[in-house]
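K.L.:
The structure follows.
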Amino acid sequence: MPSNSTKVLLLITLVGGMLVSVSSNSWLGAWIGLEINLMSFIPLMSNVKNMYNTEASLSYFIVQVLASATLLFMVVMKTLTEDLFSFDSNPYAPMVISTPLLLKSGAAPFHWWFPGVMEGLSWENCALLMTVQKATPLMLLSYLIEINTFMLMIILMSTIVGSVGGLNQTSMRKILTYSSINHTGWMLIALTTSENMWMVYFAIYSILALTVVLAIKLSGVSFINQTMMTNKDITTIKFMMFTSLLSLGGLPPFLGFLPKWIVIQAMITNNLAPLATIVVVTSLLTLYYYLKISYSSFMISSAEPKWNLKSHKKSIKNPWALILSSISLMGLTACTIITNIN
């Protein structure tokens, strides 16, 4: 695990690589930015003292290198045969270039590496992998994306795999992983409509994911059954964790419902009502396993081990958890009030 100063440097280069990719005017520049981003994230993931971190970082490295090599090969072939900048002459070129980007973002059916990597990471790196590391591939996809059979299949598979895959999980990391895959499907739908809609969805999703990760880290929970063993002194953290989870699942009146509401309206406007029906049903499935965790933890009487008291009394002083949780709770209400005033 790198020191704090090294972490800051790596985070700066990670964001720098993302900016290089999204501001590049050629696919070669975008590839270089993706590589800078990858080389910054790998040292953040690896930890000599933890075998699981090292295994996860190696798995992530192999998958990302495979995607990067495929992207570079496709771009070079495109340059040699036709033109570096346009895809008008070949209708299959956008689909071929999109595939490695979808692999990098963890969309189904290219999600096979995502749960295993998440299971071996610390909570901070889980938050980065679910939010920041998705931004660059999805932004590059916005240059290529259009409603066709291939993209509709990716959207449907991402929403269905993300909802069904989380039903049988007991690990909180894997539940968040499958929720992230489901949200990736929603973000792809937002990208087909407009980049601004995607930015709104991604910003709200990132806030909610960070809130959930922060609350789970403070409570020291890694599996579902541990949520029932928390003591009375961290009731606030427990409340924050489950309200944020329900918000991430898209339950009204929490903030997480707002971006889904916007995307559903856009789909109906664009005559995609059947697709809207399917993604809403799959979103209800994700909400089901969040409600299952929340209901069982709030309603069923649980054990209260005394040896957790000291650490949790210290943890609750973290202000960021309270701020982010308040945004999650009151965000949709505030947006509704502002809209009605205007």
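The count begins at 1 with the first shown residue.
Note that Cβ sites are derived from N, Cα and C of the backbone, with glycine treated the same way.
Note: TrEMBL annotation is automatic and uncurated.
Reproduced below are the annotations present in TrEMBL:
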DOMAIN    24-286  domain 'NADH:quinone oxidoreductase/Mrp antiporter transmembrane'
SIGNAL    1-24  signal peptide
TRANSMEM  58-80  transmembrane segment
TRANSMEM  92-114  transmembrane segment
TRANSMEM  140-163  transmembrane segment
TRANSMEM  198-218  transmembrane segment
TRANSMEM  239-259  transmembrane segment
TRANSMEM  271-291  transmembrane segment
TRANSMEM  320-341  transmembrane segment
K.L.:
What same-chain residues lie close to the transmembrane segment (198-218): Cβ under 8 Å, and 6 or more beyond its ends?
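P.N.:
Long-range Cβ neighbours of the transmembrane segment (198-218): 123-124, 126-127, 130-132, 134-135, 138, 142, 172, 176, 180, 183, 186-187, 190-191, 234, 237, 240-241, 244-245, 247-248, 255-256, 258-259, 262-263, 312, 315-316, 318, 320-321, 324-325, 327-328, 331.
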K.L.:
Are there residues at least 6 beyond the ends of the transmembrane segment (239-259) whose Cβ is under 8 Å from a Cβ of it, and what are they?
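P.N.:
Distal contacts: 179, 186, 190, 200-201, 204-205, 207-209, 211-212, 215-216, 219, 221, 227, 283, 286-287, 290-291, 293-294, 297-298, 321-322, 324-325, 327-333, 335.
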K.L.:
Under 8 Å between C-beta atoms and at least six residues away from its ends: which parts of the chain pack against the transmembrane segment (92-114)?
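P.N.:
Same-chain contacts beyond the flanks: 27, 34, 59-60, 63-64, 66-68, 70-71, 74-75, 78, 133-134, 136-138, 140-141, 144-146, 148, 150-151, 154, 157-158, 160-162, 177, 180-181, 184-185, 188.
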K.L.:
So what's near the transmembrane segment (58-80) in sequence-distant terms, Cβ-Cβ under 8 Å and 6+ beyond its ends?
P.N.:
27-28, 31, 34-35, 38, 41-42, 45, 87, 93, 96-97, 99-101, 103-104, 113, 116-117, 120, 129
